[in-house]
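Participant: Under the heading transmembrane segment, Swiss-Prot lists 25-45, 54-74, 118-138, 151-171, 175-197, 224-244, 246-266, 280-300, citing sequence analysis as support.
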């Protein structure tokens, strides 16, 4: 067997770092924050004991990690053709043949089945929401909208916003206005976050023939869309007024700060990529700060 043939065969083992790439662990971890916040708020608002709820919360987090990781692995399987074209994806194990398609599918479906088992052990609503998230991300986003419409980011935002709902129903069993408010925050946050990333990688998406908004409609249209979604975020803290005035004020300032950064940095930026980078960095911090506020302020109210 030649050296070239040996190198082209998928490795029988992948490293832990490569496994993290396959299941998109960074994305998974980011979604666990709102999932935990949803469960935490359900504990607080329904007067459950936090200590007695720890097993439910842990099972919810494990189940959520598994279904999200499995869905992301399946996304990587389906996207291999376009990932091979995009320069930023060349280190993915699915692109450089570090894992076979067979093992990738076993990993993906195994994780999703185990994750769904965990969520259904909690209650039926948690399991159903998990299924909605999987089907929405894999079918409606990855297979359909990502390759066919500039609305792909918005379509993908729906399953991407399911984690706080899963967190809430894992404890409460029913969806409430508070849970819907958390869902809407994550839903409106995602287009801004991913449009900023799409601006940074506009040339790559064009090369791969993926109809991301910046690649098809241009920077101006994308920037307008980002500001529209920012405006949609502005009233959402008021849906969480049960957390108190302090939370509403701080969350509103967080929203206004993002709007301010978007408006002022655009005037100063010498190119659109620098502006998109600032918006992207703020988006990463925004989600963490918002849900930390949710947890901390509700904890203070308990005390």
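Numbers here mean position along the shown chain, with the first residue as 1.
Each residue, glycine too, has its Cβ placed from N, Cα and C.
Note that the structure is a prediction, hence the values are computed from the model and not measured.
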Participant: Suppose I define contact as three or more CB-CB distances under 8 A, residues 6 or more apart in sequence; do the transmembrane segment (151-171) and the transmembrane segment (25-45) meet it?
Facilitator: yes
Participant: Which of 118-138, 224-244, 246-266, 280-300 has the most Cβ pairs closer than 8 Å to the transmembrane segment (25-45)?
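Facilitator: By the under-8 Å Cβ criterion, the transmembrane segment (25-45) pairs most with 280-300.
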Participant: Cβ under 8 Å to the transmembrane segment (54-74), counting only same-chain residues 6 or more beyond its ends: which ones?
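Facilitator: Long-range Cβ neighbours of the transmembrane segment (54-74): 22-25, 27-28, 31-32, 35-36, 39-40, 43, 104-105, 107-119, 121-122, 126, 130, 133-134, 137-138, 142, 163, 166-167, 170-171.
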Participant: Do any residues of this chain, six or more beyond the ends of the transmembrane segment (280-300), have a C-beta under 8 angstroms from a C-beta of it, and if so which?
Facilitator: 30, 33-34, 36-37, 40-41, 44, 182, 185-186, 189, 192-193, 196-197, 200, 240, 243-244, 246-247, 250-251, 254, 257-258, 261
Participant: For the transmembrane segment (224-244), give me same-chain residues lying six or more residues beyond its boundaries with a C-beta closer than 8 angstroms to one of its C-beta atoms, as numbers and ranges.
Facilitator: 45, 177-178, 180-182, 184-185, 188-189, 191-192, 195-196, 213, 251-252, 255-256, 258-259, 262, 279, 294, 297-298, 301
Participant: If we skip the immediate neighbours and take only residues 6+ beyond the ends of the transmembrane segment (118-138), which ones have a Cβ under 8 Å from one of its Cβ atoms?
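Facilitator: Tertiary neighbours of the transmembrane segment (118-138) are 56, 59-60, 62-64, 66-68, 70-71, 74-75, 78, 112, 155-156, 158-160, 162-163, 165-166, 169-170, 173-175.
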